[in-house]
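Accompanying notes for the structure given below.
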Amino acid sequence: MTISPPEREPKVRVVVDNDPVPTSFEKWAKPGHFDRTLARGPQTTTWIWNLHALAHDFDTHTSDLEDISRKIFSAHFGHLAVVFIWLSGMYFHGAKFSNYEAWLADPTGIKPSAQVVWPIVGQGILNGDVGGGFHGIQITSGLFQLWRASGITNEFQLYCTAIGGLVMAGLMLFAGWFHYHKRAPKLEWFQNVESMLNHHLAGLLGLGSLSWAGHQIHVSLPINKLLDAGVAAKDIPLPHEFILNPSLMAELYPKVDWGFFSGVIPFFTFNWAAYSDFLTFNGGLNPVTGGLWLSDTAHHHLAIAVLFIIAGHMYRTNWGIGHSLKEILEAHKGPFTGAGHKGLYEVLTTSWHAQLAINLAMMGSLSIIVAQHMYAMPPYPYLATDYPTQLSLFTHHMWIGGFLVVGGAAHGAIFMVRDYDPAMNQNNVLDRVLRHRDAIISHLNWVCIFLGFHSFGLYVHNDTMRAFGRPQDMFSDTGIQLQPVFAQWVQNLHTLAPGGTAPNAAATASVAFGGDVVAVGGKVAMMPIVLGTADFMVHHIHAFTIHVTVLILLKGVLFARSSRLIPDKANLGFRFPCDGPGRGGTCQVSGWDHVFLGLFWMYNCISVVIFHFSWKMQSDVWGTVAPDGTVSHITGGNFAQSAITINGWLRDFLWAQASQVIGSYGSALSAYGLLFLGAHFIWAFSLMFLFSGRGYWQELIESIVWAHNKLKVAPAIQPRALSIIQGRAVGVAHYLLGGIATTWAFFLARIISVG
């Protein structure tokens, strides 16, 4: 028998083009240089809208995939530069305008502030007393808690980090220019997924986690141990001293050998018990700070680093060993999936929209998961008792997640219109999903109807029974009980199971599932969250709104290329208002319109989630703890009986808790009162664009132009009404901005007052 040697795969190498695109300020100075029509300059006011719509739509600049890839790659560096500048500004505020050092000395008594308003015409009122004689705006970003966890002990260190951020921003701007104009990677480099996976897994995630674990062990842990013991920040050695002077570490962790080589030997000889002083497995929260044990999180990051460094050696590049992604995908055939994943490798290496759609859906879901974990297992010291920050972080990560998920659907639909090739996808999973899209969408539609009528029906029933004075006939914990038995079972399971599955852990991962109240400075950090009928009912509203959002977004993707109504939809593009005047009922069917409608339902969905969270935590978790251990919650546990009627939500949540923002004038919170009003205005302004006929505006504009002509002051650029799609875009943007800013003002004025 002869064994044929494996086919030699071409070697992977980094290939670039030298000086592919000249650097020309003259070209950049010309608006619309990337588009032949736009470059001619404006004839009508539509030009400025098209300029914004197409500036970053690289697909429309060129059809060359290599050039598009380079533009995206370069734009990523530009994006990172903006992020570094933004972060630098945050750190600079911490260094220059904050009470960080005072907060560090008394984190339970002093509120974080990093912004001081200049009293130009009386705005000084916004500088509230945050304790310790400092007057400023209370911040809710959680940065103080993050800085303490990192081991930052004074404002000079923040100053240095801010400068470091600007240096990094400059480096990123240079890299963005360099990799487009000087050394631009070839298309094959962008399509080399094995090398990318190896580098991202081992380098970015593996070494990234390892360096963070190293920082936590050598800097964060000793500094936080001293802070927790009550040592003043100014008496704590500087971070580099802990690294360079092993005797400092030996004082704090005497069991450990802090020698340069001898300290690493136990890791490779599996004698891991040597590290048990600072790589712990405590579980639960640190009772001093109310945050996760920093020694647990250091342990976690070290473990994650090991896993990802191993993962970064799994894919085959130049050494003939490891996985090939194309082989994995083509071998992946289920019993009911036909050709399975065949063709997906080509899809994901030639369509960046397809790639982006998956990444956005994943990152959005991850952000929502982060929101849930940040309050249940607060990762930083004194975060749990800073209620305004907890509420802000939850709300922030929920909104971000919602937007990213909708973005995933948007780019999924763009992929379908611009990049999908039916000939390449024969009987694979993508093709099969598209072939039975009617079954998928009609089932989803049925689920939405079921959830909508039943969840809303429970509320309507309860409102009616309460109005009739028949509490015994209501769905409630004291009437007809609808206990969330599965959720309670999961809570119980997670409280008991770790005793068997993680016998070395001192406590379960999260107190939210069960356990004792964790109190810091007389405030509840976390305690078991009791679930009842009210939660069961709201949960089904969540299920309803999520399913409707998914229905709209998925329908947009699955019907982006064609539908029974418009079989040639792909030819009309991703966004079009209607299929011409000759056909009725073809408006709002483009991929873009589904994203537009999906955004409203995403907004509905996330709003209910953050309202539920805000009220539930104030009612059943957050509050004060008396010396005898009794807990007094902010709203005294009113959620269970009030959140079961629509009237309860309107009266006991929205109206009752809006009193702080409505009555904020004349106090340091007055900016929130103004924001509340102003954001309502922006929201209402959006309706003008959403309930509008384009022809009305065009007629109005023409009579105004006529008047200008009469007076011989007619403009050279002809004014035109917004197109239908532009009007919708302006409408949805203001709707979301107004709604989110209203919620922000409502939440913060409330929780800063009572939290």
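Placed from the backbone N, Cα and C atoms, the Cβ positions cover glycine too.
Feature annotations, reproduced from Swiss-Prot:
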- 72-95: transmembrane segment (TRANSMEM)
- 158-181: transmembrane segment (TRANSMEM)
- 197-221: transmembrane segment (TRANSMEM)
- 297-315: transmembrane segment (TRANSMEM)
- 352-375: transmembrane segment (TRANSMEM)
- 391-417: transmembrane segment (TRANSMEM)
- 439-461: transmembrane segment (TRANSMEM)
- 536-554: transmembrane segment (TRANSMEM)
- Cys578, Cys587: [4Fe-4S] cluster binding site (BINDING)
- 594-615: transmembrane segment (TRANSMEM)
- 669-691: transmembrane segment (TRANSMEM)
- His680: chlorophyll a' binding site (BINDING)
- Met688, Tyr696: chlorophyll a binding site (BINDING)
- 729-749: transmembrane segment (TRANSMEM)
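Feature map: annotations from Swiss-Prot on the structure.
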| residue | record | Cβ neighbours (10 Å) |
| --- | --- | --- |
| Cys578 | [4Fe-4S] cluster binding site | 17 |
| Cys587 | [4Fe-4S] cluster binding site | 13 |
| His680 | chlorophyll a' binding site | 15 |
| Met688 | chlorophyll a binding site | 13 |
| Tyr696 | chlorophyll a binding site | 10 |
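Taking the C-alpha positions, the distance from Cys578 ([4Fe-4S] cluster binding site) to Met688 (chlorophyll a binding site) comes to 21 Å.
Remote same-chain residues near the transmembrane segment (297-315) are listed as 193-195, 197-203, 205-210, 212-213, 216-217, 220-221, 278-281, 322-325, 379 (criterion: CB distance under 8 Å, separation of at least six residues from the stretch ends). Separating the Cα atoms of Cys587 ([4Fe-4S] cluster binding site) and Tyr696 (chlorophyll a binding site) is a whole-number distance of 18 Å. Only residues 6 or more beyond the boundaries of the transmembrane segment (669-691), in the same chain, are considered here, and those with a CB under 8 A from a CB of the stretch are 125-126, 128, 137, 660-663, 722, 727-728, 730-735, 737-742, 744-746, 748-749, 752-753. Within the chain carrying the transmembrane segment (352-375), a Cβ under 8 angstroms from the stretch's Cβ atoms is held by residues 68-69, 72, 383-384, 390, 393-394, 396-398, 400-412, 414-415, 418-419, 512, 526, 613, 617, all 6 or more beyond its ends. Here the transmembrane segment (729-749) has long-range neighbours at 140, 388, 391-392, 395, 399, 596, 599-600, 603, 607, 610, 614, 657-658, 660-661, 664, 669, 672-673, 675-676, 678-690, 692, 722, meaning same-chain residues at least 6 beyond its ends whose C-beta is under 8 angstroms from one of its own. When Cβ distances are compared across the two stretches, the transmembrane segment (391-417) makes no contact with the transmembrane segment (72-95), since fewer than 3 pairs at least 6 residues apart fall below 8 angstroms.
Straight-line distance linking the Cα atoms of Met688 (chlorophyll a binding site) and His680 (chlorophyll a' binding site), rounded to a whole number, equals 13 Å.
Taking CA atoms as the reference points, Tyr696 (chlorophyll a binding site) and His680 (chlorophyll a' binding site) are 25 Å apart. The secondary structure of Cys578 ([4Fe-4S] cluster binding site), as reduced to three states from DSSP, is coil rather than helix or strand. According to DSSP, Cys587 ([4Fe-4S] cluster binding site) sits in a coil region rather than a helix or strand.
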